[in-house]
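Working notes for the structure below.
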Amino acid sequence: MLPESSAANKATAYEAATAFLGEWGPFQRRVFFLLSLSVVPIGLTAFSIVFLADTPDHRCALPAHLNLSAAWRNSSIPLEEDANRDGALVPSKCSRYKVENLLNYSERGLLPGADVNLSNVPKEGCLDGWEFDHSVYTSTIVSEWNLVCDESWKRPLTSSIFFCGVFTGSLISGQLSDRFGRKIVMFATIALQAVSKFIQVFSPSWIVFCALYFIVGMGQISNYIVAFVLGMEVLGPRTRTLFSTAAVSLFFGLGYMLLPLIAFFITDWRMLLLALMLPSCLCMPLWWFIPESPRWLLSQGRTEEAEAILRNAADMNNIEPPTVIFSSLQNRVKAKKRRPCNICDLLRSPNIRWISITLWVIWNTITIAYFALSLNTANLNGNPYFNCFLSALMEMPAYVLSWVMFRWCSRRLSVFSSLSSGGLFLLIIHLVPAHLTALSITFEMLGKFAVSTAFAVVYAYTAELYPTVLRNTAIGTCSTASRIGSIIAPYFIYLRTYSVSLPYILMGSLTAVAGLLSLLLPESFGMPLPDTISHMQQFPGYFDFGNTTSNSKDEEKVERIFCPTF
């Protein structure tokens, strides 16, 4: 591992060579807004399952040809207590009185309740299907394929399959873009989403829908991660802070807020999918306006292509570029003799291994809290469109705060303060008296706000800690770890059946511990982006007890053997 001053000098080489471009010229503005715009379709579809697979009110259907009196037809469904409505009696959704008994009573002229005690009438399942309420939705996948009662397990599994796709995309997108380039992988995944959603519109069965939904999830997270990394590598230090902490999150939130608006006017799930596909198609022409990452091109030894992009940028900014942008020392890349970096390199040397493990734990903990709290608020009573809009809206100030913190505060302090405060808010909830529900909800929303802030900050912080040759792989791996958290999150909410306070105690404790762990990470505030493994900052929790000189030699040896540099 290099001494900190030497590492900083080497990592500054790229930024010093490209400083002539400035920070906020026409080139940077174009990249900034177009990459942010490419995230809007992701926000539109990330939570679309809320409307695609919502369960309308339903009851057992009766054959239209049955010769039943109006009284018995109206009393054909037994009443059951609804736990979600404080035990109120509501018509059963999964059973009906036996049709043969109803026909017998109707033919004999008996009246329900007066002549026949309904509690003694035998019941049966919905043998003739269901009648669904169409006042809110024209159709959903639930009403189309009858994913209710004995088939209701398929509805949550649909979301799980989507997250499995997200998990897979997180795992492979980083390695693909580190090998083949940021731009080509980004637009390939945009196209993959558009094609998958279009085919999904014509799904003949739930199985086909889920198979395509897996692909959509895989393409969606890959698109997000690669666009994020591309912006981090193309933009200057100040601009990328705004991009990584606020712009990407705010444009995602904008797409999230547009989802309930579109779903309100398009209540058929197939037409809704078609509408959500169009923004992805509109992003495809951006291929001709978004450049490849010059940092990545340099790491692959493609210096001429990197210089061509920077000269075009200088021309757009009306700046005269230097005759030689990168010196011969920076151009010594032997990519052909070294294999590309992969996920194994995140564990190969002690310094990068401890940074990676710590970040995986932090990402996983943040995601558990974020999704568990999101799932809890999604179960609130009320209009589903308004609830979705409110859920998206509450994250917007959190993203603005994350930019403020990232712009002027220490990275470690930002992550620590947001996680520890979030954990504290969640731990306070179990101390609030049961009758003060408004106060409990307030602390829960404050916890969600703090966790959302931490999520935005840690994304950008992770990108700053890793070098160019591993950045996309590292973020993809961290995102993969976070998807494990999203799978576990529903079980935290399930713990409410044993104790209402237990989920908050567990989430609060884990979040607070993650905040303490963040203090072990290196500080990257004010430091240039590292381009190679040897440029990375030291992990204090390890190097305080290790031999820095020996570790430095190990890092350089690993880098010479495995990863390209410049």
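Each residue, glycine too, has its Cβ placed from N, Cα and C.
Record features (TrEMBL):
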type	residues	note
TRANSMEM	31-53	transmembrane segment
DOMAIN	101-526	domain 'Major facilitator superfamily (MFS) profile'
TRANSMEM	206-230	transmembrane segment
TRANSMEM	242-266	transmembrane segment
TRANSMEM	272-290	transmembrane segment
TRANSMEM	354-372	transmembrane segment
TRANSMEM	384-406	transmembrane segment
TRANSMEM	413-432	transmembrane segment
TRANSMEM	438-461	transmembrane segment
TRANSMEM	473-495	transmembrane segment
TRANSMEM	501-521	transmembrane segment
Message: Quick check: do the transmembrane segment (438-461) and the transmembrane segment (272-290) share at least 3 Cβ pairs under 8 Å, counting only pairs 6+ apart in sequence?
response: no
- prompt: Relative to the transmembrane segment (31-53), which of 272-290, 473-495, 501-521 accounts for the most Cβ pairs at distances under 8 Å?
  reply: 272-290
Task: Might you confirm whether the transmembrane segment (206-230) is in contact with the transmembrane segment (473-495), defined here as three or more C-beta pairs under 8 A between residues 6 or more apart in sequence?
output: yes
Spatial neighbours of the transmembrane segment (206-230) far in sequence, C-beta under 8 Å, 6+ residues away: 35, 38-39, 42, 45-46, 141, 145, 147, 154, 157-158, 161-166, 168-170, 172-174, 176-177, 182-183, 185-186, 189-190, 192-193, 196-197, 199-200, 244, 248, 252, 290, 293, 459, 463, 471-472, 475-476, 479, 483
Query: Other than its close neighbours in sequence, what residues sit by the transmembrane segment (413-432), given a CB gap under 8 Å and a spacing of at least six beyond its ends?
result: 362, 365-366, 369, 402, 405-406, 439-440, 443-444, 446-447, 449-451, 453-454, 457-458, 461, 500-501, 504-505, 507-516, 518-519, 521
Whole-number mean of pLDDT values that fall within the domain 'Major facilitator superfamily (MFS) profile' (101-526): 82
